[in-house]
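Residues or ranges marked as compositional bias 'Basic and acidic residues' in Swiss-Prot: 155-164. The domain 'PET' feature in Swiss-Prot is assigned to 92-199. Taken from Swiss-Prot, the feature domain 'LIM zinc-binding 1' applies to 234-297, supported by sequence analysis. As annotated by Swiss-Prot, domain 'LIM zinc-binding 2' applies to 299-359, with the evidence given as sequence analysis. Marked as domain 'LIM zinc-binding 3' by Swiss-Prot: 362-421. Among the features that Swiss-Prot reports, region 'Disordered' is placed at 133-164.
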Amino acid sequence: MDLENKVKKMGLGHEQGFGAPCLKCKEKCEGFELHFWRKICRNCKCGQEEHDVLLSNEEDRKVGKLFEDTKYTTLIAKLKSDGIPMYKRNVMILTNPVAAKKNVSINTVTYEWAPPVQNQALARQYMQMLPKEKQPVAGSEGAQYRKKQLAKQLPAHDQDPSKCHELSPREVKEMEQFVKKYKSEALGVGDVKLPCEMDAQGPKQMNIPGGDRSTPAAVGAMEDKSAEHKRTQYSCYCCKLSMKEGDPAIYAERAGYDKLWHPACFVCSTCHELLVDMIYFWKNEKLYCGRHYCDSEKPRCAGCDELIFSNEYTQAENQNWHLKHFCCFDCDSILAGEIYVMVNDKPVCKPCYVKNHAVVCQGCHNAIDPEVQRVTYNNFSWHASTECFLCSCCSKCLIGQKFMPVEGMVFCSVECKKMMS
């Protein structure tokens, strides 16, 4: 398929999850409706991951596409119908007998994802070493956490040009080259094993607790029991604490088998969140999630959340923007050359600010223009003018004067305050 056809097929999937309730805003949101290019709900401004959208198939397609043309093809299966690679997520079901007064019932726990290891006891240990609120038990807080991290750490628009907004043929080609490069140089999946199992797989090395580098264990005919003991001492590459004997560890092949992590320490070095499904990107001796690895390589548009492959873009408020996406967060009008106000780190045009966000003057009860000086005390504001900032009793101008605030009113003296009591 040529580039022109790829561009024509692009779409953001606006029908996906349409009308789903927002788990954050509750009834304040009318239901999920994807913004044309912002990757957020048009109604409540929250992301799709904050809504009760069933995305398991979509997420499996996304991760499947990520692993396509890599050494991790064993983790995917192609559908016979359309040839789309699907992520073969390992689901683990554990049955635990629960003793009651008379009978013994069976308690079944389903994990929406588990490390793909043959030893189920090892997988169970791995899960138990994660914080309870992050264990992906079906229907739990941990499952919701995993869903959010899949969306946050591995955005589909970081790997698939068809999920991006109006890329040019040149940008499509550059993005495809970028994705191919990170698949071959950085992408990896963690491997859960017992540290002692790695002796035959990697060099006989150890991590010294408190140190950053691993040191070869002493070998030779004169090896004593002390050296033998040292060789079995392993420490976590992240927290530097020792690994307990018999506890599972995570290895990252791109990092080398002399490094290992506690399950709860296998996190992105930027956002410090658990690397979802142990999918990592390795760069400069650090682990990254997909999002923050890409951020370290390319600028990201603060408007559409996509990586910028264009040679021309703008910078404002310490953020990067596609030229066409430096827009008002409320009405989408272009802000280049216009007055705007930052509201919760989002640019808003002057008319929208006055209409939706401006504070109201306690004196005249009109919105205060962002360019006009004002007086603020606690949650109350006034125009800094002789017409508005006045004594609530005698109307004396209080600019530059001492005043007594009382529930949204201001007084020039105790006498005036008493008269209004």
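Glycine is treated like the rest: Cβ placed from N, Cα and C.
Taking DSSP states H, G and I as helix and E and B as strand, the domain 'LIM zinc-binding 2' (299-359) has 11 helix, 19 strand, 31 coil.
Per DSSP, the secondary structure of the domain 'PET' (92-199) breaks down as 52 helix, 23 strand, 33 coil. Each residue in the domain 'LIM zinc-binding 1' (234-297) gets a DSSP state, and the totals come to 17 helix, 16 strand, 31 coil.
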